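Taking it in order: structure first as structure tokens, then the write-up.
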Amino acid sequence: MDRIIDSAATREDEAIEVSIRPKRLADYLGQQPVREQMDIYIQATKARAEALDHVLIFGPPGLGKTTLSHVIAYELGVKLRVTSGPVIEKAGDLAALLTNLQPYDVLFIDEIHRLSPVVEEVLYPAMEDFQIDIMIGEGPAARSIKIDLPPFTLIGATTRTGLLTAPLRDRFGIVQRLEFYSPEDLARIVRRSAGILNIDCTTEGAAEIAQRARGTPRIANRLLRRVRDYAEVKADGQITIEVAQAAMQMLKVDQGGFDELDRRLLHTIVEYFDGGPVGIESLAASLSEERGTLEDVVEPYLIQQGFLVRTARGRMATDKAYQHLALQPRERVSAFTDPEDLF
């Protein structure tokens, strides 16, 4: 199901993001602790004329992991090579990428948790010693040779750090977690994007869009484009708070940034499972959605905003969820209660 507030990138998102992507850290809005730390690391690295330590960036989709990698490369004054874990199928694919790097270049691997074990084995010495071992020939005549690599920086991005192997995770000297954005930072991003795209958007209109963007710049920019469409057809082209609210009503995105799937999830837990706890498999089956979709796309924002909690026994709707759905909380067994205490 296509969702207007899905944080996964569409082709339209990717095309637009290239045009509005900031180049410098000064233009990278939000994520202040990350910006401040990376600014120090980059300045120190340039002063020493070294390659920046390898960087792992993780967090939910749409928060700017790819954008941050472009900014880092730009600030370092080096080239960025972009690829993804699923694309690197064989050790030879990775070797080809690494041997074509220039000194101090940045190699960005998105979805790095999806690298195969064979490819990871090649990556370890490349990260540690700037060397790779490759096999020449076949059968009894096969032999291993070492190839020296120029100093480089690997930036890995992932939405699922739990799927990274410990040896790979431990080889990153810099680890940055991207958090959901505040409405204020998102409003600044909306205003900046509107200026670049020549969209007439008031401060109040930008704030209304930001409030419903689930803390995610990609969603904020997508909503901005859809509200622009509405403003051009149903209004005079300017995005005011009234126009933004009317457009959101048409898109069925409420003030909390929830769409029908979010509301269905909360309603299902509340109405069919008495508020929980309920296991993720049962929940996915009830909603006819994949477990991974719920865990990676839907739940993170609901949990971060306090509408849902994960416990050892399953998911539970909070009192805040009941309030959002205009329902009265029910008496329910605590997820932390010892079953023997019930008798």
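Any Cβ shown, glycine's included, is placed from N, Cα and C.
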Query raised in the report: In Swiss-Prot, Ile20, Arg21, Gly62, Lys65, Thr66, Thr67, Glu128, Asp129, Phe130, Tyr181, Arg218 are given as binding ATP, so which of Arg169, Arg171, Arg191, Arg228 is in that site too?
Result: Arg171
Report task. Would you find the one among the binding-site residues Arg291, Arg310, Arg315 whose Cβ has the most company, meaning other Cβ atoms within 10 Å? Result -> Arg315
Report summary line: Model confidence over the region 'Large ATPase domain (RuvB-L)' (1-181), as mean pLDDT, sits at 91
Query raised in the report: Which of Thr66, Phe130 (the binding-site residues) has the most other Cβ atoms within 10 Å?
Result: Thr66
Query raised in the report: Under the DSSP assignment, what numbers of helix, strand and coil residues are found in the region 'Head domain (RuvB-H)' (255-343)?
Result: 45 helix, 9 strand, 35 coil
Query raised in the report: Ile20, Gly62, Glu128, Tyr181: which of these binding-site residues has the sparsest Cβ neighbourhood within 10 Å?
Result: Glu128
